[in-house]
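Trainee: First the structure, then my questions, so here it is.
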Amino acid sequence: MAATPVVVAIDGPSGTGKSSTSKAVAARMGLRYLDTGAQYRAITWWMLHAGIDVEDAAAVAAAADKPSIVSGTDPLAPTITVDGTDVAAPIRGQQVTGAVSAVSAVPEVRTRITELQRSIAAEAAEGIVVEGRDIGTTVLPDADLKIFLTASPEVRAARRSAELTGRSGGPAAAGADVVATREALLRRDAADSGRKTSPLAKAADATEVDTSELTLEQVIECVVTLIEERGRRPR
Ligand SMILES: Nc1ncnc2c1ncn2[C@@H]1O[C@H](COP(=O)(O)OP(=O)(O)OP(=O)(O)O)[C@@H](O)[C@H]1O
Ligand SMILES: Nc1ccn([C@@H]2O[C@H](COP(=O)(O)O)[C@@H](O)[C@H]2O)c(=O)n1
């Protein structure tokens, strides 16, 4: 008997483990995977590249429909391109990270990206895990399962610093500064929670999972169990 497709929304603040959890759960359950933060980062990269002042909401709004953003949804090898250019690496840089909350707060940007997200989810015949900030509240309010991941700022900063330090090759790297990383995470959370249009928020019917004291494997197991309870078995 074919498995029933399932749509899973995973939201939460920065660095709570959304991407790591979503990719692993999707791979284990035979689902597609969509990183919506990567889409906002991609449009931000394009704005910066085009010389648009990202603090000028009118200029950002006027350009919102110009770039073509394509997301590959294989959880083992997710991809993101803008006008055919692979931007997977540059969208993770400091410049984009520092600008993305301003761009994602512009309603015309959100309308454009939300439409894209809904069409990708609708095409995923086998089901999909979609992660972001407003998936359960706005993008896919009828998702079969909604998870809201949290973790203390200290834990998130320590995890992110370890990741950045590893990526840059040693403790001397800027990513090793846990205090600065914590401040940057909290600044981005405040901007994402405080915007008028579709802010970062927990849907009323979402299950909250505090990952502060959990290993990544435990969080993955928790989400897989919740999906199985809705009748979907791993492949
Ligand atoms: N439960 C966990 N235990 C330990 N480390 C974890 C856990 N969950 C995630 N991590 C690590 O924390 C870091 C941040 O995780 P991840 O990128 O998945 O978070 P995120 O919520 O998607 O972040 P962002 O919103 O900024 O994209 C990664 O290095 C990841 O390996
Ligand atoms: N559904 C979403 C997802 C993301 N954003 C914005 O993108 C930024 C980057 O997200 P990451 O998950 O890659 O860190 C995030 O800070 C938000 O500004 C969003 O608005 N809605």
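Residue numbers in this text run from 1 along the chain shown.
Keep in mind that glycine also has a Cβ here, set from the backbone N, Cα and C atoms.
Just lifted these from TrEMBL, have a look:
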DOMAIN    8-228  domain 'Cytidylate kinase'
BINDING   Gly12, Pro13, Ser14, Gly15, Thr16, Gly17, Lys18, Ser19, Ser20  ATP binding site
Trainee: Give me the count of other Cβ atoms within 10 A of the Cβ belonging to Ser14 (ATP binding site).
Mentor: 21
Trainee: Minimum Cβ neighbour count within 10 Å among the binding-site residues Thr16, Ser20: which residue?
Mentor: Ser20
Trainee: Suppose the ATP site is Gly12, Pro13, Ser14, Gly15, Thr16, Gly17, Lys18, Ser19, Ser20. Which further residues of the same chain have a Cβ inside 8 angstroms of that site's Cβ centroid?
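Mentor: Other same-chain residues near the ATP site: Thr21, Glu131, Leu149, Ala151, Arg156.
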Trainee: Could you check which of the binding-site residues Gly12, Ser14, Thr16, Ser20 have their CB within less than 6 A of ligand 2?
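Mentor: From Gly12, Ser14, Thr16, Ser20, counting a Cβ under 6 Å from ligand 2 as near, the near ones are Ser14.
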Trainee: Enumerate same-chain residues with a sequence separation of six or more from Gly12 (ATP binding site) and a Cβ-Cβ distance below 8 A; give 'none' if the list is empty.
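Mentor: Same-chain residues close to Gly12 (ATP binding site) (Cβ under 8 Å, separated by 6 or more) are Lys18, Arg133, Ile147, Phe148, Leu149, Thr150, Leu200.
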Trainee: Reduce the DSSP letter at Gly12 (ATP binding site) to three states and note it down.
Mentor: coil
Trainee: Can you tell me how many other Cβ atoms are located within 10 Å of the Cβ belonging to Lys18 (ATP binding site)?
Mentor: 26
